[in-house]
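Colleague: I'd like to ask you about the structure that follows.
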Amino acid sequence: MAAGMYLEHYLDSIENLPFELQRNFQLMRDLDQRTEDLKAEIDKLATEYMSSARSLSSEEKLALLRQIQEAYGKCKEFGDDKVQLAMQTYEMVDKHIRRLDTDLARFEADLKEKQIESSDYDSSSSKGKKKGRTQKEKKAARARSKGKNSDEEAPKAAQKKLKLVRTSPEYGMPSVTFGSVHPSDVLDMPVDPNEPTYCLCHQVSYGEMIGCDNPDCSIEWFHFACVGLTTKPRGKWFCPRCSQERKKK
């Protein structure tokens, strides 16, 4: 079920909740007011009894005491009714909270299921691409085998289609340029198996790269795309790992 459907159903279920809460709160306020009125009546009866107890007959005393007792009984009833209303209001809100928790759990389960389906689709798609790339590599290998003799005579350095060229940066920042080379082109280029790898991606050098200004950096060189750069920054630049280490210090 889509997120919009879960939200729509939940909003429908709580549509009358504000009115029900308002009604219960109003009833509790009414009970409070009636209790206060009874307490005032009890105070009046108690004062009357204390002030005229000596002049009243036994029957009159009993009548006043009975009125006070009945008023206290009604106060207790109003208090019990208020407690019941408060419990009903709490259960009403709690029911909707539990409904929301259940819908959220179902929504999260649906999201996980869709992520698994998407992952399976991506996996099967990548297998197809890998198979196509393998066939392409076989064709390239056959083409290279035709010129094997000439390749063997060429020095290893000539097999690298990419060559690091250090520039003289304006701000003393190490920088590397490789011309207009794209990562997709690197897959088709014959690379010396002994060629060193760089960057967080552990790939060979290609495209625009930048050097970390930390002399103790274990990686040193990074592809622009891998560290989120599009242009050479001004001043000194430190890689993500070295930046974290500098912050800790």
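Counting starts with 1 at the first residue shown.
Positions of Cβ are set from backbone N, Cα and C atoms, glycine also.
Taken from Swiss-Prot, the feature Zn(2+) 1 binding site applies to Cys199, Cys201, His223, Cys226, supported by similarity to another entry. Per Swiss-Prot, Zn(2+) 2 binding site is recorded for Cys212, Cys217, Cys239, Cys242, and the stated evidence type is similarity to another entry. The coiled coil annotation in Swiss-Prot covers 25-118. Here Swiss-Prot flags Lys112, Lys127, Lys129, Lys146, Lys148, Lys156 as N6-acetyllysine. Among the features that Swiss-Prot reports, citrulline is placed at Arg133, Arg166, with the record citing similarity to another entry. Per Swiss-Prot, the feature region 'Disordered' maps to 115-163. Annotation comment: Swiss-Prot describes 127-148 as motif 'Bipartite nuclear localization signal'. Feature annotation from Swiss-Prot assigns site 'Histone H3K4me3 binding' to Tyr198, Met209, Asp213, Trp221; the stated evidence is similarity to another entry. According to Swiss-Prot, the feature zinc finger maps to 196-245.
Explain the structural surroundings of these features, please.
Modeller: DSSP gives His223 (Zn(2+) 1 binding site) a strand state.
According to its DSSP assignment, Cys242 (Zn(2+) 2 binding site) is helical.
Of all Cβ atoms in the shown protein chains, 10 besides its own fall within 10 Å of the Cβ of Lys112 (N6-acetyllysine).
Same-chain residues at least 6 positions away in sequence with a Cβ under 8 Å from that of Tyr198 (site 'Histone H3K4me3 binding') are, in sequence order, Val204, Ser205, Met209, Ile219, Glu220, Trp221, Phe222, His223.
In the shown protein chains, 24 other C-beta atoms lie within 10 A of the C-beta of Met209 (site 'Histone H3K4me3 binding'). DSSP assigns Met209 (site 'Histone H3K4me3 binding') to a strand.
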Colleague: Including all protein chains shown, what's the count of other C-beta atoms within 10 A of the C-beta of Cys242 (Zn(2+) 2 binding site)?
Modeller: 17
Colleague: So for Cys212 (Zn(2+) 2 binding site), how many other CB atoms are inside 10 Å of its CB?
Modeller: 23
Colleague: Anything within 10 Å of Cys242 (Zn(2+) 2 binding site)? Look among the recorded positions Lys112, Asp213, Cys226, comparing CA atoms, and list what you find.
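Modeller: Hits: Asp213.
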